[in-house]
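A short worksheet on the structure shown next.
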Amino acid sequence: MMNHSALWKDAWRATAKNGKRFAAIAIICAIGVMMLNGLSSIGADLRGGLDEFFDSTGVHDVSLVSTLGLDDADITALRSVEGVEKAAGVRSQNAYTRVGEKQESATVTSLNPQGIDKPYLSEGHLPKGRHDIAVTRQYLNASGKALGDTLIITAAGSASASSPTLIAEGTYTIVGVVTDPSNIVNPTGPLAVTTGGKTVYPLFVAQSAATSGSAYSSAVVTFSGSSALNTYSEEYGELVARNITGIQAIQQTRERARTDEVKSTALQNLETQKANIAELPDGSAQKTSAEQKIAAAEASIKGISTAQWHINDRNAMSSYADVKNESALIMSVGKAFPMLFLVIAMLISLTAITRMIEEDRQLLGTYKALGYTKTETMAKYVLYSSLACLTGGVIGDLLGIFGLPYAMTRGLINQLYLIPHYPLIIDWPMGIGGVVLFLVAIVGSAILVTSGQMRLNPAALMLPKAPKAGKTILLQRVGFIWNRLSFLDKVTARNLFRYKSRATMVIIGVLGCTALMTIGFGMGNSAFTLMPRQNTEIATYDAMTLTSDANHEASESELKSDKHVQAAKAVRVEAVNLSPHGGTSASSESATQVGAQLIVVPQGSSLKGYINVLDADGHTISLPQDGAIVTENAAKVLGVSAEGSLNMENAGMKTRTVKVNDVARNYTGNYVYMSQQAYQELYGDFTANADLLKLSGDDDADISFTDTLADSDLYLSVVNNAKTARNFTKSFMVFFVIIAFIVVMAAMLAVVVLFTLASTNISERERELATIKVLGFRKREVYSYVNKEMAILAALGTIIGLPCGYYLLEALLHTLNMPGLNIVPKVAWFCYAGAAALSMLFTWLVSLSTNKALDRIDMVGALKSPE
């Protein structure tokens, strides 16, 4: 039996002998595996953090509101539905409380005994007594209050029989600092800067503070087994959809019962009033007036519409939707880029391993002559390539699964959301699969090349491979160019065509890295210019104010009399939910419900000069008298086109089917444009509640003016387009950081690729380079001899890579589904210049680093006869 100790010693020595090549392969594998796992892990950890947060606070799986409120019988019926684990009624009231010197809006919610939607406690304890209250950190910072201080709650609007006070007014003591699970956006973070709405502070009181016997404003339900599933998983979506069907089975019965209950109670109250009226003197004006009011009230009660339930899953929650969209954006980018990295990395690794085996050609012949089998000889290269892949793969997994997600969630995402903890979710199939993918490709190439060499007999292997014969190249046939080239330029031209495979690999390597950097720069520029394009091409107004229906006339008069306002256009603005006609949104992962802003134009008016409603080709679309115009991102998500239809639910929970007359261009947000006539056909009465403003000052003056308007109690919301555009970079921070990361990774890959190819080029041509040194070439001439070829090939790769990057970016943006955003490729000249400059800079730096290898070539040893 043959002693294999020498073979194994040689195998281990190969690692040390070829350390640079080993490091290059390991680095390429690490970058590829990290890119494959890193971005997906960030999205998964973000979703996992919210899932854990929802589980710890008992967030509902389904919420339910009714047009006539809900009672205890409804809650009991919900608890009896198969699959329902818990159900509770919720009493919530809009209120006012003083913050500093101003009276601010608040939403006061009583805790329920089932512990559903329990606020997350940061300090103190949850309310227990009738006059205890829990507030958010935002409220404490704005008011200057602390635990133990008191605040006063005043109900918004006056209480009446039809609109009773659900939460007791009065003085409350702050006993806890909490996070509202229904809104986890950090109020001081980047995502909060673009909102123009007034702050509404969430406050929480004990159940005893709620008016007993009053109707519930909503109901919340959790399902058995839901907490064990990830809230964004397909299994969770299926469980919720299945249990919603069970709730819908009792819906009509409970709607009719609630309607009968409300009518019966109201009629009983009327009977009491009738008895009081009967005691009044007959024929008196007071009795006649009272009887008329009773008759009108009786007719109104009998005309009460049947109660309607509106069932919403977690997609209706802003927290859920925000995290879902943010993580979907990260994961979408994470799916596209790594494959490009993998292709380039595997090609370059293949080149490095192939060159190593060719260098050992004579050693292979020796092993074969000594009687080693094909498998035994291959073991050295399998071991070498496996160690390089596994080393790089493990480093890539550690960085991609642990390092990158940890840095992103703790360093950036925690500025966006108030999620207390982010788990490190390990996707073992993805982590192992990335390493295996590299292992198969690189080890496979080692086996393939070794097999090809081992087909030769030992005598042939022990002889050096004959150099490629020179051939006449195409340029030689173009005499007026060829005859004007210097000798070295002719040699360079011939070498470029002589080593076609090496030249091809350099071009492909540089092309891929240049394309990746172009994609990164282009995507960043395309996203960065979204708001400027939105405000110059589409929304040309400067600001928009929103009021209540009752206050619009007063606000419009105030605005038109202000010298800072050049012009104002009255419109109606509503927040609506869009869904496919006949579709549902029960699945948490594949929900097709899209939030949008409805803008209704009064009769005889138009949006000209304020909003340009354009089709995909830039042509103006006229506002139809029936149907609506939907912006393209919403249409894309909902799968609807011109002449199609969709469902639209307004703030009053009235759902109507709307015909889509056309699809309009838009860059940020989702909008629906509609005429007054079309709106009235769907929802009845029309009242303007908003104004689009043209302002006279510069951006700073306009922002100062709108900030002053926002402080007025007359306005519900004031949005300044210039301010929104300035803050857009902050609100889109995660996206820009990821793009910057991709550009850095592409740059690192470019350096490794160029260094590997340059080193391979030198080792392949050692005898040739030794020859020209013997012929008297000076150092700089030797450098130029080699580096000129690399520079030309890198330039070709760069030139081809720039347009390839654009078309790949176009394809990538087409496949990305980014809610509310329609990113159109816009690659500025400096994006191309930056990608090209970096590619050539890296080529120059690598050339400088490999010049030392040229100096170290042993002329005697390289030219020594191998025989």
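Just so you know, glycine gets a Cβ as well, placed from its N, Cα and C.
A TrEMBL annotation is a machine prediction, not a hand-curated record.
Features as listed in TrEMBL:
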DOMAIN    337-458  domain 'ABC3 transporter permease C-terminal'
DOMAIN    741-849  domain 'ABC3 transporter permease C-terminal'
TRANSMEM  21-39  transmembrane segment
TRANSMEM  336-354  transmembrane segment
TRANSMEM  381-408  transmembrane segment
TRANSMEM  428-449  transmembrane segment
TRANSMEM  503-524  transmembrane segment
TRANSMEM  732-757  transmembrane segment
TRANSMEM  790-809  transmembrane segment
TRANSMEM  829-849  transmembrane segment
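Across 21-39, 428-449, 732-757, 829-849, the stretch most heavily in contact with the transmembrane segment (503-524), judged by Cβ pairs under 8 Å, is 732-757. Per-residue pLDDT, averaged across the domain 'ABC3 transporter permease C-terminal' (337-458), gives 82. Shown for the domain 'ABC3 transporter permease C-terminal' (337-458): DSSP residue counts in helix, strand and coil, namely 104 helix, 1 strand, 17 coil. Mapped onto DSSP helix, strand and coil, the domain 'ABC3 transporter permease C-terminal' (741-849) counts 91 helix, 1 strand, 17 coil.
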